[in-house]
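A.B. asks: Would you mind keeping the following structure in view while I ask a few things?
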Amino acid sequence: MLVYLTAECCGYPISIFFIVVNEFCERFSYYGMRAVLVLYFRYFLLWDDDLATSIYHAFVALCYLTPILGAIIADSWLGKFKTIIYLSIVYAIGQVTMAISTIHDITDANRDGTPDNFTFHIALSMLGLILIALGTGGIKPCVAAFGGDQFQEHQSRQLNTFFSVFYLCINAGSLLSTLITPVLRAQECGIHTQQQCYPLAFGVPAVLMVISLVVFIAGSGMYVKTDPEGNIMWSVCKCIGFAIKNRFRHRSSSYPKREHWMDWANEKYDKLLIAQIKMVLKVLFLYIPLPMFWTLFDQKVSICHFSGLLGGLPDQMQTVNPILILTLVPIMDRLIFPLIQKCGLNFSPLKRMTVGMLFAAMAFVSAALVQIEIDKTLPNFPSSSESQLKVVNTYSTTLNVTISPNEHLLIESFGVQLHTSKHTYSTISCMFVNGYTADLNITNLDSIEPSATTNYTLVNQGKRDFVLRHGEQWCEFSRKFGFGASYTFLIPSTVFSDDCESITEVEDMKPNSVHMALQIPQYFLITTGEVMFSVTGLQFSYSQAPKNMKSVLQAGWLCTNAVGNIIVLIVAELGKLPKQWAEYLLFASLLVAVSIIFSIMAYFYTYIDPAEIEAQVRKEQGLEPEEMEKETLEMEEKDEDQKNEQGVKQTKI
C-alpha cells in the first residue's frame, strides 16, 4: 500500500502550483521561440518565403503528432511524472541547441557579419527543432492529466478551476513571450560584428525551459504519482484491427450482416470495450474535415507581411491573438452564448464549430484585401525569368552606357539606372557606393575601397547614424529609415569637404505605407473563430467520449492540427499562385467548402450520453443492479469520509 501525503492551500494541493508555474514557463519557451522562428529562417538562414513557411509548418505538424508518442510512453511504461521529466530534458536540450545555431560568430571567420558555413547552422537548427517537437509534443497530453491526478475526489470544484487556470497560463505565457522575444531579437549583439540578436531571442526561451524543468522537479516530493495502467490506445487499435480482419474473413454473403462493423469483434473482445470504441469512432468521423481549420489558423504566424507601426515591432503583432483570447472567452461564455440561448436558438456545439470555421474563412478574406493594398505600394520586381542590373556612375560627368546588343542608358554624374533583362532573379538591398579616392571606414559596416560597394546591409527602422572615416578625416551621416524601404547611398570625392552633405541617396524601394493596424480585423476574426471552434471542440470531444477513452479523443483532436499543417505544405507546393492575395482566397474558399460538408455531417449526428450507454451495456452483461449499486455505495461512503477529514495534511491511498 502506497501512502501519499499532500499539503493543501486554500483547498488546492500545493503541488498544483508547481505544475501551473511549469506550464507557464514551458509555454513562454515554446511560443517565444515560435514568434521569431520564421524571421530567423528568412533573415538569418536567408531562406525564401516558401521554404521558410514549409519548414515552419512541418515543425508545427511534428509538434502535434508527437503527443501520441508521449501518451503511449506515459501509459505503457514510465507513467506521466517520469515522461514529463525525461521529455522536458530533451525539450531543454533542443532549445539550447536552437539558441547556439543562431550565433553567427561561430562560423564568421572573415568577420563580415554573415556566417561562412550555413550548413552548420541549418543542421544545428534542424536538430534543435526535432528535439523541441519531441519534447513539447510528448509532454502535451501528460501535464494537464498529471495536474488532474493531484486532486482528491472531494475537490471537484477546485479541479474545474484548475483547468481554467491551466488554460489561462498557456495564453499568458504566449502573450508575454510574443511581446518580449521580438524586442530581444531587435537588439544588436555579436562578438566581432553587431547583428540582430537572434541568440538572445532564442536563448531566453531556452532559459525558461530549464526553469520550467527545475520548478517541476522541485515539487517532486509533493506529487501524487500513479503507475502506468496499460495503454488504452493500444487496446483500441487491437480491437479495431481484429474487427476488420474478422469482417474480411467472413465477407461471404452466407454470413449474416451485423448492425455495426465493430460487432465483428464480439468473438474476442468485451462488449463494453466495443461500445466505447463505437462512441469514439463516431466522434473521430466528425474530425475528418476539421484539419482545414488548422490549415488556416496556423498560418497567422507564417503568412504575416507586416508594415510599419510607430513604437512596435512586426513580430509583436502576434500578441493580438492571446489578448483577444483572454478577452473573448469570458465574453462568449458569459454573454454571447447565454444571449443566443435566451433568444430560443439551438446553438449546439457542432453549430458553434461550423460558425467558427466560417469566421476563420472571413479572416483570410480580410487578409487578402490587406495584401492587395500592400501590393499596390510595392515596386515592379523582375519575374522569375528576369534579373536587374544596377549601373552607378561615380564619374564627374554624364555617361552614355551601352548594354549589348543595342540598349543605351544615359546616366548623370552620381546617378543610378536599373536595367531589366531576361535571366534569373536577383535581389537588391541597401548599400554604400564609394566614389572617394581612397579607402573608407563606415561605422558597423565594411571598409570599402575606391569605386567599390559595401555588402548589402539590413538596418533597423528609425534614425541611424553612420560615421565615415579616412585617417584623421571624418564626417557623420544620418538617415531615418522607413520600415520595408531600400536605399543606395553614393559617396562622392568631396564627401569630407562638405561634411557628408554631398552624399546622394537613391530610394530603391519606398517605405511601407500600409498601416499594420489593418491586420487587427483579421486577427479578431481568426481569434473569434478559434474560441468558437477550438474551445467548443474540446468540450464536445470530452462530453461525447467514454471516461477511459478521453485521452484517445484528445490525441485524435491534436492530430487534426498536425494534418492541417501538412495540408499547408501540400497546397503550398501544388498551388503555386503568383499573387499572395490569391492564395489567401484559395484557402478561404476551401474552408467554406469544408464548413458546408461539416454542417451536413453535424446535421445527422446524434448527441449521446456515454455514461448512460456504458450503464446499459453493463446491465445487459448482468453487472447491474447488485454490483453497480454496491460500487456506488462504496464511492459515496468514501466521499463522505473525505469531507469529514480536517487539517492541512491529507492522506491518499
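In case you wondered, yes, glycine gets a Cβ from its N, Cα and C as well.
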A.B. asks: Using TrEMBL as the reference, determine which range in 159-185, 321-347 is annotated transmembrane segment.
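C.D. replies: Range annotated as transmembrane segment by TrEMBL: 159-185.
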A.B. asks: Under a criterion of three or more Cβ pairs within a distance under 8 Å and sequence separation of at least 6, are the transmembrane segment (159-185) and the transmembrane segment (197-219) in contact?
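C.D. replies: Output yes: the transmembrane segment (159-185) sits against the transmembrane segment (197-219).
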A.B. asks: Which bits of the chain, at least 6 residues beyond where the transmembrane segment (279-297) starts or stops, bring a Cβ under 8 A of a Cβ in it?
C.D. replies: 236, 240, 262, 350, 353, 356-357, 360-361, 363-364, 526, 529-530, 533, 537, 540-541, 544-546, 549, 552-553, 556-557, 559-561, 563-568, 571, 587-588, 590-591, 594, 597-598, 601-602, 605, 608, 610, 613
A.B. asks: Any residues 6+ beyond the ends of the transmembrane segment (552-572) with a Cβ under 8 Å from its own?
C.D. replies: 50, 53-54, 57-58, 60-65, 67-68, 71, 140-141, 232-233, 236, 280, 283-284, 287, 290-295, 297-299, 302, 537-538, 541-542, 544-545, 586-587, 590
A.B. asks: Under 8 Å between C-beta atoms and at least six residues away from its ends: which parts of the chain pack against the transmembrane segment (118-139)?
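C.D. replies: Sequence-distant neighbours of the transmembrane segment (118-139): 26, 30, 33, 40, 44-46, 59, 62-67, 69-70, 73, 83-84, 87-102, 104, 106-107.
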A.B. asks: Counting only residues 6+ away from its ends, which parts of the chain sit with a Cβ under 8 Å from the transmembrane segment (584-608)?
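C.D. replies: Long-range Cβ neighbours of the transmembrane segment (584-608): 279, 282, 285-286, 289-290, 292-293, 295-296, 299, 303, 348, 350-351, 353-354, 357-358, 360-362, 364-365, 367-368, 371, 544, 571, 575, 577.
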A.B. asks: Taking the transmembrane segment (28-46) as the reference, which of 58-78, 84-106, 197-219, 352-372 gives the largest number of Cβ pairs under 8 angstroms?
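C.D. replies: Comparing 58-78, 84-106, 197-219, 352-372 against the transmembrane segment (28-46), the winner is 197-219.
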